[in-house]
């Protein structure tokens with residue numbers, strides 16, 4: 001018995017295709033359902049020419065449905081493509097997609113849709129009706145299908161499996177996207193620039209680059225986005241909510257994609273492999289970066305200057321710089337920007353708004369990326385490890401920057417002076433040296449900075465905020481980086497090693513400074529006198545000698561300094577706090593440099609040797625001063641009397657002769673001194689402390705300098721020779737005193753009678769005649 005043949009519904013909007021095409025097109029689809037029917041048994045009848053002729057259709061939606069249900073089969077054809085539908089509504093919907101007609105418009109935002117169901121779904125964005133709630137985590141959704149997909153996160157269910165490689169996915173769309181990897185097919189081509197994409201959605205996103213359209217706005221912060229997914233991500237960042245937790249280590253993430261990437265660290269999974277070199281990666285973006293290394297990575301070329309970029313967005317930004325197009329203006333200060341995102345970030349400077357708050361410590365940030373970085377301080381997780389040296393980092397970007405130390409790669413070059421950098425951010429900072437731009441101003445003291453981070457750190461001076469505390473000794477710091485460096489004092493860690501001599505340092509800048517010792521290179525020249533320095537910082541300090549500028553003032557007693565480090569040292573002297581303890585004999589010091597110097601004295605180590613005479617020193621600074629004896633160089637000149645000195649400390653001591661200032665007072669006896677070191681030495685008279693002992697004869701001294709002088713008695717060493725008469729001395733100060741005999745110079749003058757002396761000690765003794773002071777008492781009572 002032959003089955004009853006299918007009959008076409010009388011109600012359809014399209015004309016039937018020619019009869020000769022039935023066998024080729026229609027039969028294939030229809031016979032899936034009616035397999036037993038022969039081609040000749042299919043009876044097709046032509047009904048109304050247009051849907052408007054159908055009385056059932058005019059009767060309303062329900063009448064049409066009844067009519068369609070009554071027919072044995074409901075098959076409708078699309079004119080553009082041979083496609084078969086079992087519902088009249090599906091045929092109409094499909095036709096609208098080809099024509100591009102969008103009759104259904106949203107009253108809220110004017111967005112149009114070609115299908116009513118799409119408009120209905122879209123409306124829920126405005127109404128925020130989240131009817132479907134997840135029982136596992138409480139998260140609500142406005143579509144049931146989204147809830148179903150979400151549940152798979154908790155269950156781990158992945159029903160969609162790739163037949164090619166066996167990889168499974170929790171959504172069919174992910175499987176479809178994945179399959180394209182195997183085919184390498186890129187059917188979706190951009191008509192504007194010719195770039196091809198594997199997915200149509202990627203092409204849609206790409207097109208926005210050309211149009212610049214950003215239809216998705218976040219009402220909370222006013223930020224606009226080109227993609228709805230970016231808006232969703234932004235909302236999550238504002239809430240700070242971390243819903244996705246790693247079962248392996250307990251770390252939580254605000255995005256599921258971040259959790260997926262994180263899991264690969266534990267599993268060691270690296271699914272993204274480079275075909276060029278075979279290197280594998282756990283994140284697709286890292287593979288993209290690697291591929292660009294092989295290709296030269298700069299596919300987007302500027303037609304104006306031939307400069308190439310590895311990202312089209314960078315090319316767009318570059319073009320605006322050439323055109324000097326800056327359409328986004330700040331209404332507050334009038335500054336213009338070539339990107340809207342840059343303007344948005346800039347506005348926060350004026351408002352002081354910090355919407356991103358850390359739940360752990362309450363600290364707030366003006367950018368979500370800063371909050372993300374800050375959170376890692378609390379977790380202390382360092383997932384990214386350097387294969388070269390084993391050092392671990394909490395951010396992948398930090399690891400990439402760290403690797404450049406070994407490769408020596410510096411891809412970012414300054415067009416102004418040619419200097420190259422390994423980070424684009426460092427180049428951006430460097431450029432401000434040429435422009436002199438300092439857009440970040442302190443409201444407290446009007447001081448301006450070229451970087452916002454510098455302003456943030458500066459503000460802590462006014463507030464006194466020190467959020468980073470050392471668990472070892474309790475000392476607090478206003479910067480996390482300073483705390484990290486401080487911790488190395490306790491651990492003794494010295495990660496920066498010199499390849500030339502093997503010497504290790506606890507800070508990178510110390511290693512950089514040290515390397516210059518081997519090269520003997522002096523690139524930084526003083527324009528005033530032509531003197532050259534190995535370090536630019538030394539040249540900067542040297543310049544202050546010529547200008548006499550002292551911008552750093554101590555509020556305690558008004559003393560001014562030419563270096564911030566000197567002011568810091570001064571403050572510590574005022575507090576009298578001794579944080580650094582020498583474990584060998586328990587002595588404490590107020591400065592880390594003092595304990596370091598003390599250790600060298602204790603061990604007797606003298607690593608810095610003079611090539612001229614072979615004399616060795618425990619400090620490099622002492623060697624530098626010593627070398628001036630051979631060269632006769634005296635760069636520090638007194639503005640008052642013109643006398644020159646070979647070290648700044650001697651000049652500072654000399655200046656006090658003219659001012660008569662004695663700011664350092666002994667609490668025990670009230671005696672005042674012009675130098676803090678003299679006060680320290682004086683205090684030992686009261687305590688009787690003599691920590692510096694001679695190994696030769698056992699004699700003890702209250703000052704290390706006295707011990708050094710004493711040792712020369714045993715060695716009979718007299719390295720300081722008078723050029724006038726040939727007499728030798730064991731101390732440089734003794735040679736200076738001796739020289740006065742030849743010059744007849746008497747720089748120390750009595751203010752009472754005008755009598756002059758060649759030694760300050762003689763002037764001090766003379767003054768006691770006027771004051772009647774007799775500080776030295778005989779045990780038997782006579783003074």
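Glycine is treated like the rest: Cβ placed from N, Cα and C.
Looking up 186, 466 in Swiss-Prot shows the SUMO2 cross-link annotation sitting on 186.
Cβ environment of residue 186 (SUMO2 cross-link): 196, 197, 198 lie under 8 Å away, each six or more residues apart in the same chain.
Looking at the zinc finger (580-602) alone, the prediction's average pLDDT is 61. Sequence-distant contacts of the zinc finger (356-378) (same chain, at least 6 residues past either end, Cβ-Cβ under 8 Å): 234, 237-238, 240, 345, 348, 394-395, 467, 480. For the zinc finger (160-182), the most Cβ-contacting stretch among 132-154, 216-238, 608-630 is 132-154 (pairs under 8 Å). When DSSP labels each residue, the zinc finger (132-154) comes out as 11 helix, 4 strand, 8 coil, counted as helix, strand and coil in that order.
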